[in-house]
Amino acid sequence: MTEILRERVITSFGLTPDQRDAAIERNRDIVVTAGAGSGKTRTLVARYASLLADGLSPRAVVAVTFTEKAAREMRSRVRQALTDLLKQASTEEERQRWITVNSEMDAARIGTIHSICAEILRAHPAEAEIDPKFDVLDEGLTAALRMNMIDETITVLAGQPEYSILFQHFDIASLRGLLGFLLEHRLEAQETFEKSFDSVQVVNRAIRDGMQHETIYGCIQELRSFSQPSLLQDAGDKLTQQVQELLALWSDAENALAQNDPVACAGFLYKARREKMKGNIGSKTSRAKAIVAEVQAAYDECLNPIVGGKGANDSPPDRESENRFLSLYPIIKAVFGLLASAYQNALCQRRALDFDDLESGAARLLKIPEVRQHWQAEIASLLVDEFQNTNERQRQIVEALAGAPGRLFVVGDARQSIYRFRRADVTVFRSIQQRVRIQGGLVIDLDQTYRAHEPLLQATGDLLTTVMGTADDTSRPYYVPFSPLHAVRKTEPEYISHPHIEFILGAGEDTVAARPLASRALAARLLELKEQKQIRTWDDVTLLLRASTGFAAYENAFEDAGIPFVTVAGRGFYDRPEIRDVLNILRALADPADDLAMAGLLRSPAFGLTDAALYQLRWQEDVPIPYWTALQGDLEMLEDADRTRAVRVRDILNQLLPQVDRITVADLLKKLVDITDYRSILAVEDGNGTGGRLWRNLDKLLTDAQSSGQINVRDFLEYLATINDAGAREGEAPAEAQGSVRLMTIHKSKGLEFPVVVLADASREPRGGSEAIYLSPQIGLSFKLDPPPMIYRLAKWENQKQDEAESLRLLYVALTRAKDKLIINGHSTPTSKGEWQAKAWLGDLCTAAQVDADTLVQQSGTAMLLPLNSGQKVRACAVSAEAGGLAANEAVHPPSHEEADLAPLYPSLLEPEAAVIHEDEPEEMHAWRATGSAETIPPGVVGQMVHKAIELWLFPGDPQLLPLLETAALNAGLAHPVQQSTAVRHAVEYLERLRNHPLRSEIDAAAQRYHELPYSRRVDDHAETGYIDLLYDSPSGWQIVDFKTDSIRSVKERDDLIRQYSRQMRRYSGAVETLIGQKAQTRIIFLDDHGRIEIAKIG
């Protein structure tokens, strides 16, 4: 029975042969490489469901995802699969099994690695030596606590003579940065310090490896093989002398290296490169001359990053700097010990763990045989998604949980490993592939993609083959070569025309001039494609950028062109310093006893107390005093300036605290900004020529507060956290992306797909410069001094090579988001010789497509068609102010606005595989836009106001209602007082009717009630997503209610509206049945049917 049921489950998913093998295999560990769009989530869910068909309970099948959002999506997918299997059940026994399994899904272990780690720790508090009721500190609070501990540690160090050397070599900002890095990477730092790296030996090995490089070693040996006469005959007098001196220096370097003196060795090599590899002497036909050139090229590749000498400004190896590093290292190690201990104590006092604690604690517990055996008995199967984003510690946890072969199922794609900044290590995925293969496990490559059609896939492959390369490199395990996918979709959609890849360049004398031209050229081309119907709705188009700093040029161009857009960039906006500072002040107002928030408030630019003042306030006695308590006491111990500031803090807080949770957050923020004169502070801070950017950011925060309608400060902060999770930059709710072009970072697009993808700002160079500190499992800890020690140079070089490899993977992710069309857009600038060039990704891709930027710009405005290796073609066009095309001040004419199909930015519970996504909700009004005459109320505004009040279940008589409605009216753009009062009056009338209706009492009595309930479900080949006004549990069963404010003045109008809304209500009904496994009654509540409430039951 089990095998038959398993087979039925597997068959129901319609898997390919490779997907089926991955889902059904039971006796071996499995590693699946899932290419972009290859259906890996379907495979993962099919395996999960088939394991349940085997009789395993959801508690015994652990699924580990990369994010909480992915966990919710997978849980939803599994529930949908179980619902479908229940409908397909052929026997009562099978039906009861699926009912039972479905009821157990609430307890299913589907979550992130950190949620699994937390469960392990809570199950073994004694062994872990923790409080089982610990809290998990989120990233924001963790960062604040770390900074607080760093500042306290620096204050302690300043008073101890043995640490004075630190302050001689590092200023406070540099020391704070160094300690911050170590604390952020404290687990890696602890491991590094425990290993006791010998930096001298590390550098010695690196230099030896460089000197023994095949080319260098062979060339030096060949030069040594020349006899004096033959060398003179080949090279002439001058070159012969140079070669002999080069060889003498090389011998000196070899001897120094043998004596374990890498500094002396490096000095000889540096001198050899600077003085003895000149290419302007000797005959052109000289073999010795050619050999020296080869040595120089190989040196620049293998030795220059460590030793220097290539550049005229390279500093030579410095023994004093090397000795300084060696003397500072043990002191920094000791300081880190103090800091880590203080931080750990602070966490203990809060009964909290951070994410590092979760990982290290779980890994440590699983090394205890009894604990490991317990969890291996608990878990029958372990599924891990996005394994390319894991690190070595997480791999150890996963393998310890899996135990015996046949229980581990891993899905990932090394080509899509792009989270190194989150400590993801691509080599971990590649190593587990190798281990499983050696041990006889199943290693499968899902190389069929359902995303891009074949012509686009072939053209993209042509580009990536050249840019990424196809041959593996064992010396660089972090490098992942390109490997092609095979398209399931053999042809493009009929509305998409050849070619499927386009290059659009903007050319200017420098980046500042060229970048706006490139963005305007793109806007013009998008309008053309829209006119040609190749872009059906603006939802089809998504711009992907390497960095969010490139958004502005495109936002300006689209605004000028009348192209609707929304910018999505994850957590960027709320993590900006000026915004984070204001939000921290809000946290302190919400809870003055929160010392972390109060410390941030006191140190903020708005109040500006010194670190010494914070210490004096905190430590007036033997035990620390809460800051708020200290502020209300005697402040005489403070310096005059700090005392004045502290009194100001106290006075301002005493003015604002009585108003917290009594007025809207928007009004509270405005008062805060005014009373602290925060705009003046930002004007001083914003001295880098950004033209009021900080002011605009502050205005955006105030707009977000208006949009939220919140009165309770804590609720507002939670609201912002929700916005962050949804990924909407600058507080723009995801609904605003409907009908709009999207702008987002490539990282934010991971796992998504779009009909038309624009790789925008493709000529942006990766972030330059270097870090002040590096931490590497191969090299250990290194930090920057002046001049930089060689261990630091080596670490910087290694980091650079890994960054370059990840940059290629990031490009791969960007290009493989496209389903139908790919546009590559960037700018071109002239070289010193006046030739036009493209840099960074744009330059690499132009080379791969044989697009000559100079020729393109010279023929500005003319589109060229160029062939690729596969026979596909690319279209390339450039515009420049000098050569013609789109003039520098030429405005792009806005299109006439059409009613766009609405598609959500993110389906809340689904991986975006569907071609069509339906959305029931109306498009949100954009904030702060004028709405015309005072007599006119735009359609839908009153409805939005009423829905907001119903969502919060506020009715006339509640003191929070009027502020909420006024905020909603203002946010909807009702600027005139007459408009505002009229809209509020209408909204109150509707709400008064509902308050007096028996329905309100029935809803009040409901045991369970859910307002604005989000849903997402798969229907056939597409996804449905939306929000249900109200779902509640009544004595007669679950009720779906949708409130409408349409003004009805005839029976025909009502019947027409019922027909219009019935399809929407049926979708709601289907969604609820999917979510709770029960049918619900659906009702439309018309709030203005001849001035009264009318209830229409649907189906």
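Glycine is treated like the rest: Cβ placed from N, Cα and C.
In TrEMBL, annotation is done automatically, which means it is predicted and not curated.
Just so it is clear, the model here is predicted, and its values are computed rather than measured.
Among the features that TrEMBL reports, ATP binding site is placed at Ala34, Gly35, Ala36, Gly37, Ser38, Gly39, Lys40, Thr41. Look at Gly35 (ATP binding site): DSSP puts it in coil.
Residues or ranges marked as domain 'UvrD-like helicase ATP-binding' in TrEMBL: 13-453.
The domain 'UvrD-like helicase C-terminal' feature in TrEMBL is assigned to 465-751.
DSSP assigns Thr41 (ATP binding site) to a helix in the three-state reduction. The average pLDDT computed for the domain 'UvrD-like helicase ATP-binding' (13-453) is 94.
Listed in chain order, the extra residues whose Cβ falls within 8 Å of the Cβ center of the ATP site residues Ala34, Gly35, Ala36, Gly37, Ser38, Gly39, Lys40, Thr41 are Asp413, Leu446, Thr449, Tyr450, Arg451. Cβ-based neighbour count (10 Å, all protein chains) for Gly37 (ATP binding site) stands at 23. Using a 10 Å Cβ-Cβ cutoff, Thr41 (ATP binding site) registers 19 neighbours.
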